[in-house]
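Notes for the one structure printed next.
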């Protein structure tokens, strides 16, 4: 087992699925299907689910829809499964309200994204996250850094200061580089649980201290991802690497265009009628859909 992986806490388990939000033919949230999908994902190996994150199309869900969806998923999977709510906003007041509401609904944690568009300095980011943490002190927080979408990045030194808040326990690293994990460990030590925000970087990030992943691909290959993680933790590096290489075509196919467009198409192709994304996102175009179908078919044969 990797000593780094062994020494770091895993507050939400190791394999978390960033769950899509199903829509019906009228574009309304399909709560019944969401419950069935949540149970399926857990059966396929997910330790926990992230509801209303990037993959869940949080920017186009109303707060009411988000609270309803969280409640349905919480009830569907029962108390033994970790459920995190995406509660981030570029308004600190909105993020506080969403986070306290998530705690009231029964979330096990909150995924709180770096404020987007308004590009606050590090001092503003620290004040933002500190205010959220203090408003819901009993709810564990996962800070979420994805500069490609937000326009600014949360520095490891800022994260280290935020760990003065006892409920700042984890970090979703989605900057696209393993160095982010290294810098976080150097600044924060092993008490911060760092999760890869990129399926394709899961194994490389675990090798430098990440504890798991917030996954998109686990909608389709949860058992294989769980097997890869377990192989790595059990010292079976060659086996873990074989899973990593086997799954690369799917990882790439799921990000051929903006997430969650491809994964929703893949679920449709796999028999889950989760519907198209809401505007301004569009369904996957036919050429990409055919290529994705071929990738899924090839994966089934391995």
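Glycine is treated like the rest: Cβ placed from N, Cα and C.
The shown structure was predicted, so the numbers you read here are calculated from the model rather than taken from an experiment.
Going by Swiss-Prot, these are the annotated features:
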type	residues	note
ACT_SITE	144	active site, proton donor/acceptor
ACT_SITE	172	active site, schiff-base intermediate with substrate
BINDING	55, 214	pyruvate binding site
SITE	54	site 'Part of a proton relay during catalysis'
SITE	117	site 'Part of a proton relay during catalysis'
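Feature map: annotations from Swiss-Prot on the structure.
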residue	record	Cβ contacts under 8 Å, 6 or more apart
54	site 'Part of a proton relay during catalysis'	18, 86, 113, 146, 149, 259, 260
55	pyruvate binding site	18, 19, 20, 216, 259, 260, 263
117	site 'Part of a proton relay during catalysis'	90, 150, 151
144	active site, proton donor/acceptor	53, 88, 111, 112, 113, 114, 171, 172, 174, 197
214	pyruvate binding site	16, 17, 18, 50, 53, 111, 172, 195, 196, 197
Key: Around the Cβ of the residue listed as 'active site, schiff-base intermediate with substrate', the count of other Cβ atoms that are within 10 Å   = 27
